[in-house]
Amino acid sequence: MTEYKLVVVGAGGVGKSALTIQLIQNHFVDEYDPTIEDSYRKQVVIDGETCLLDILDTAGQEEYSAMRDQYMRTGEGFLCVFAINNTKSFEDIHHYREQIKRVKDSEDVPMVLVGNKCDLPSRTVDTKQAQELARSYGIPFIETSAKTRQRVEDAFYTLVREIRQYRLKKISKEEKTPGCVKIKKCVIM
């Protein structure tokens, strides 16, 4: 069974935990309890393939920012979440993306931009703005509601598909590189 390491990032209070718990446990948590770091595992079938999702739900609060590098190193794909009623959380996405690229030392990291809380009438981030940002990053954009479960699965499953494409690209690039021999080094003590 293929395992996918997904990391949910974004500012505090945007609904990262609510999205994750909605996917894992099928219920909405409406009380806000700031996360330090929680890990969840769920077996799902995506496009006919049985997968194990290893989801890391992270702290949005600045006081935990020192922990970010560590979980960004281990993650394969990132859900970059903002709240559609919080412009600052949308502006913060740029910082998360830059940090991910720096830690992964790559321009090409599987990501999905997620605009959460689309059930709320008090929108401050226009859908077009978010679509344009996602297009400029070359990543998908999905609006979700953790409360109503709208497109929650879609967000996570789209990220898995992005990781699959990334893995395939990486394999074909390695096969096309002429004269490259993988050398594995072992140290026996």
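Each Cβ is built from the backbone N, Cα and C atoms, and glycine gets one as well.
Swiss-Prot lists Met1 with the feature N-acetylmethionine. Taken from Swiss-Prot, the feature GTP binding site applies to 10-18, 29-35, 59-60, 116-119. Per Swiss-Prot, the feature motif 'Effector region' maps to 32-40. If you look up Swiss-Prot, you'll see Lys104 marked as N6-acetyllysine, on the strength of similarity to another entry. Residues annotated as region 'Hypervariable region' in Swiss-Prot: 166-185. According to Swiss-Prot, the ubiquitin cross-link annotation covers Lys170. What Swiss-Prot lists as S-palmitoyl cysteine is Cys180. Residues annotated as N6-palmitoyl lysine in Swiss-Prot, with similarity to another entry given as evidence: Lys182, Lys184, Lys185. Marked as S-farnesyl cysteine by Swiss-Prot: Cys186. Annotated cysteine methyl ester per Swiss-Prot: Cys186, in sequence order.
Sequence features, as recorded in Swiss-Prot, placed on the structure.
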residue	record	DSSP (3 states)
Met1	N-acetylmethionine	coil
Gly10	GTP binding site	strand
Lys16	GTP binding site	helix
Val29	GTP binding site	coil
Lys104	N6-acetyllysine	helix
Asn116	GTP binding site	strand
Lys170	ubiquitin cross-link	helix
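The binding-site residues examined here are Gly10, Gly13; by Cβ neighbour count within 10 Å, the least packed of them is Gly13. Here the residue listed as 'ubiquitin cross-link' is compared against the binding-site residues Gly10, Val29, Tyr32, Asn116, Asp119, and the shortest C-alpha distance is to Gly10.
Listed in sequence order, the residues of the same chain lying 6 or more apart from Asn116 (GTP binding site) and placing their CB within less than 8 Å of its CB are Val14, Gly15, Ala18, Leu19, Val81, Phe82, Ala83, Ile84, Glu143, Thr144, Ser145, Ala146.
Taking Cβ-Cβ distances under 8 Å and a sequence separation of 6 or more, the neighbours of Asp119 (GTP binding site) in its chain are Ser145, Lys147, Thr148, Gln150. Ranking the recorded positions Lys16, Lys170 by other CB atoms within 10 A of the CB puts Lys170 at the bottom. Under 8 Å, Cβ to Cβ, and six or more positions away along its own chain, the residue listed as 'N6-acetyllysine' finds Met72, Arg73. Taking a C-beta cut-off of under 8 Å and a sequence gap of six or more, Tyr32 (GTP binding site) has these contacts in its own chain: Gly13. A separation of roughly 30 Å, to the nearest angstrom, links the Cα atoms of Met1 (N-acetylmethionine) and Val29 (GTP binding site). Here Val29 (GTP binding site) comes close to Ser17, Ala18, Ile21: these same-chain residues lie at least six apart in sequence, with C-beta atoms under 8 angstroms from its C-beta. A 10 Å cutoff on Cβ-Cβ distances gives Met1 (N-acetylmethionine) a total of 7 other Cβ atoms nearby, all chains included.
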